[in-house]
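Chemist: There's a structure below that I have some questions on.
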Amino acid sequence: MENWDGKEGTSQIQFADQKQEFNKRPTKIGRRSLSRSISQSSTDSYSSAASYTDSSDDETSPRDKQQKNSKGSSDFCVKNIKQAEFGRREIEIAEQEMPALMALRKRAQGEKPLAGAKIVGCTHITAQTAVLMETLGALGAQCRWAACNIYSTLNEVAAALAESGFPVFAWKGESEDDFWWCIDRCVNVEGWQPNMILDDGGDLTHWIYKKYPNMFKKIKGIVEESVTGVHRLYQLSKAGKLCVPAMNVNDSVTKQKFDNLYCCRESILDGLKRTTDMMFGGKQVVVCGYGEVGKGCCAALKAMGSIVYVTEIDPICALQACMDGFRLVKLNEVIRQVDIVITCTGNKNVVTREHLDRMKNSCIVCNMGHSNTEIDVASLRTPELTWERVRSQVDHVIWPDGKRIVLLAEGRLLNLSCSTVPTFVLSITATTQALALIELYNAPEGRYKQDVYLLPKKMDEYVASLHLPTFDAHLTELTDEQAKYLGLNKNGPFKPNYYRY
C-alpha cells in the first residue's frame, strides 16, 4: 500500500494556507481507474507548512510570469525564483537525514551510471525529492520534473532547483489545468526526449500514453512508487498495453516496512495530537485493519496507554493481533464505547453512516489508509447534519440531538494532511527509486520484458546497508565455511524471494 508518497512540512502549521487549499479542492475525487482525469493522490491536500509564501500574496499565475535564473535560463515555471536561497537551506537540512543518497553520490560519481539518461519525473516536490534529483544529476542524468500533487510542492524548494538549472514546473495550489500543463511542459520539449520515467501515482505515464505514445520507442523503463500507480501499471500489463518494462518500488521490502510500519508508528500520534491535542492514556481506540499500517498504529497507541481493539477480515492478521495483545472485535460491537476510530484497510465503506450514527459524542474519526474511501464521508453531507470547520483539517459533524463527531482531514490520509513524514523514511524510498532507475537504465537488452517487476532482493539489501552507518551499526560477515554451509553467497542475497520479513 502506497500510504505516503513523500511529503513534507514542518511542525508549525499555516492555517491560512490550508483554508485556501480546502476552498480549491474539488469536492468529488475520482476513484482509481485508468480513465480518470487526475489521480486521487494528486488532489489530496497536505500541510506543507514551511512555505514562505502564502498563496494569497501574489495572484498572478506562474504561467503568466517571465522569470530567469541567475544563469539566464527560463526553462522552468515556479512561483517565485527569488526564494531559491530559502529552498537551498531546506535541501541542505534534508541532506543531513538522507545518508544513503549522499553515499550513493560519493560512490558512483566516478562511474556515472546514469550518463546519457534523460529522466522525466512526476513526484511530490519537497526538499527530499530535491536531494534525489540532485543525486540523479550527480550520477550523470538530465532531469525534467513536475509535481504529482497540486498541494504538496514547496515553492522555495522548486525555486532552488530551478536556480541550480533543473527544469522544474510546479507550484503549490495548481489548478487541474495547470497540473496537466506542467506535465506537458516536462515531456513536450524540442530537441529533448526522455528515455526513463520516474512516476508517483501514474499520471505522467498516463499522459505520455494518451498524448505521445511514440515516445515509448525510446523509453527504457518506468519506475513507479505508489500503490495507485502500480495498480494502473498492472492494469496496462493485463490489457497487453504496457510497452516498456516497469519497476514497482512500492512493494520492495524496505519501502513497505519503512513507509507503512515504522512511519505510521510515529505519524499516527503526531497527526492526532496536532489536530485534537488529545491525551492517549486510557482512551479506547478501534483500529480497522492489522496490516503493516495497522500494526504500526496499534503499537504506538498501546505504548501510550490506550486500550486498543482491532477489526480484521484475514484470519492470519487477526491471529497476529491477538498474539500482540489486542482484542479482536467486529466494529459494531465496540462502536458505542470507543473514543477514536482509525481505518487502515485499503478497502471502502469500512465505517458506514450506520456506524457514524451510533458513535458516542465527540468520537474522533480518521483514516490512515491509502485512499479516502474507507470512511463513508459522502453519507454525512445531508441536510439534517451540520458541519462546522473547527480548525484546519478538523470538522465537527453535528447531529440534530446535539451529538457531534470529530472528523479529521475529511477522511483523507491523516498523516499526509495533518503532520509530516520523517525524512529518514523518505531517504529509503528515494534510494530505492535511484537504484531502480540505475538498474533499468543499465540492464542488457532482454533482461526485462514488457512487464512490471519488483526490485531485485540484492538491491533491497543494498538500500538497507547504506542506511546502517547512521546507527553506527556493525554487520557480521559470514565466514567461507558458514556461507558454504548455508549455501549462500557471502555478499547476499541472504534470503529467498518468498521470505517474509
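Glycine too: its Cβ is placed from the backbone N, Cα and C atoms.
Owing to the predicted nature of the structure, the values given are computational and were not obtained by experimental measurement.
So TrEMBL has the following annotated:
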BINDING   T126, D200, E225, K255, D259  substrate binding site
BINDING   G291, E292, V293, G294, K295, G296, E312, N415  NAD(+) binding site
COMPBIAS  25-34  compositional bias 'Basic residues'
COMPBIAS  35-54  compositional bias 'Low complexity'
DOMAIN    260-421  domain 'S-adenosyl-L-homocysteine hydrolase NAD binding'
REGION    1-74  region 'Disordered'
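For each feature listed, report its degree of burial, its nearest neighbours and the pertinent distances within the displayed model.
Modeler: Counting Cβ atoms from all protein chains shown, D259 (substrate binding site) has 28 others lying within 10 Å of its own Cβ.
In this view, V293 (NAD(+) binding site) is surrounded by 29 other Cβ atoms within 10 Å of its Cβ, with every protein chain counted.
If you average pLDDT over the domain 'S-adenosyl-L-homocysteine hydrolase NAD binding' (260-421) in this model, you get 93.
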Chemist: Restricting to the binding-site residues T126, D200, E225, K255, D259, which ones have a CA within 10 Å of the CA of E292 (NAD(+) binding site)?
Modeler: D259
Chemist: Specify the count of other C-beta atoms within 10 Å of the C-beta of K255 (substrate binding site).
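Modeler: Around the Cβ of K255 (substrate binding site), 25 other Cβ atoms lie within 10 Å.
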Chemist: Quick one: of the binding-site residues G294, K295, G296, E312, N415, which has its CA closest to the CA of E225 (substrate binding site)?
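Modeler: Comparing Cα positions, the candidate nearest E225 (substrate binding site) turns out to be N415.
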Chemist: Enter the number of other CB atoms within 10 angstroms of the CB of G291 (NAD(+) binding site).
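Modeler: A 10 Å sphere around the Cβ of G291 (NAD(+) binding site) contains 19 other Cβ atoms.
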